[in-house]
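Trainee: Following this message is one structure expressed as structure tokens.
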Amino acid sequence: MHDGKTKSGGGVAALVLGVVAIGIEGLIVAPVLADISGAFGVAPAQAASVVSAYGLSLAIVAPLVALLGWRVSRKTAMRAGLIMFTAAGLLCACASSFQTLLLARAACGAAVGIYLPACYAYVGDTTAYEQRGRVMGRVMAGWSLALILGVPLGSLLAQFWGWRSAFIVTSALSAVAAVMVARLPAGPPQAAASSLLPLSGRLYLGKGVPALLLLNFFDMLSFYGVYTFLGVAVRQRLGGGSGFFGWFVCCYRLGLLLSTSNARVLDRFGKERVLGLVLVLLAGLLGLLPAALQHVTALAGVMLVWGVLQGLAQTGSATLVTAASGTARGLAMACMSCSTYMAVGIGSFAGGRLMHAMGFEALALAGTLSAVLALGLLRRYSAAKPTI
């Protein structure tokens, strides 16, 4: 990054810690959902609404804040988001009723909707395009760390000290991240150029950005539509319980960490070129996934490669959006978060019905087609892209 403080790694560490705290809090709900259900005397299906409240709140707040909060710097937005996240997490831990927990989770989603787009946009503001893939990859690695280390440790903590303790720990992490973010340098003056534009100008995302947002949607759709029901398919084909499937998830997590930690390949070989190759390989991998379900070793290898490819796809698409959106970077990254959560909802809904009607093979084929559509959108972006 341009500023000395950010170059040192301390700046990246602040952003990563914020992502880690958010990632753990968002992912820890699944392991403790039964505990939450028992604590408040609600059915598991009703308890799961804390996840829906989180996602819906994020999807609504992220673009609104990016559009209406243009007077606020990225640094201020990140700090405000983390402070709000800390308070909301503590409210989750102290909730005396399910309704309070539901509101607190919605507040967590709103806080994430403030922090994440500002975080990714800050990387775009303060990092040269030639190095942005590497830095964005390090920030994205926070999700991998949350999956590999945070969720297992959080689950263990919840088992011995109760589910509320997990929210206390994530609140503590976000509080530390807020302090670290406060020490970051401000973004360059041109990052505030959108303040000179009328509302109609601020709504313009940039040439080629809509294609990239759709690319992200179909990439995420191919992932969540298949991954959500992979555990069911593994039990049907290979047997075992959730612990058995967990080993394959670990392979995916390892691949994700390897790719996001080494995202410099995007800078070295070209972001569009690498992303195009990744989408081709993802389409092929999803097509081969049903066959891999016949062998434990084959499935472990496929999951590892899937993690590597998905990490590069996420990092590459986010990096391209930061470059193409210019002064609309904050709004564009907020819309990217929205497209991701839309894919989560649509993928899980439509994927379940497709698998029930036609089986896992049809679901994997649909994932392949989604990846192919994402590749087509990349070609469309390349034809219409601005000069970077």
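Every residue gets a Cβ built from N, Cα and C, even glycine.
TrEMBL does not curate its annotations; it predicts them automatically.
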Trainee: TrEMBL tags one of 159-180, 203-224 as transmembrane segment - which one?
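Mentor: The range carrying the transmembrane segment annotation in TrEMBL is 203-224.
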Trainee: For the transmembrane segment (331-351) and the transmembrane segment (104-123), check the count of CB pairs under 8 Å (sequence separation 6 or more) and say whether it reaches 3 or more.
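Mentor: They do touch: at least three Cβ pairs between the two stretches lie under 8 Å.
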Trainee: With CB pairs under 8 Å as the measure, which of the listed stretches 80-98, 104-123, 135-155, 244-262, 274-293 comes out on top against the transmembrane segment (12-34)?
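Mentor: That would be 135-155.
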Trainee: List, by number or range, the same-chain residues at least 6 past the transmembrane segment (274-293) whose CB is under 8 A from its CB atoms?
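Mentor: Beyond its ends, the transmembrane segment (274-293) has Cβ neighbours at 219, 222, 226, 230, 233-234, 237-238, 265-266, 299, 301-302, 305-306, 309-310, 312-313, 316-317, 320, 360-361, 364-365, 367-368, 371-372, 374-375, 378-379.
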Trainee: Summarise the model's confidence over the domain 'Major facilitator superfamily (MFS) profile' (11-385) as a mean pLDDT value.
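Mentor: So the average pLDDT across the domain 'Major facilitator superfamily (MFS) profile' (11-385) works out to 85.
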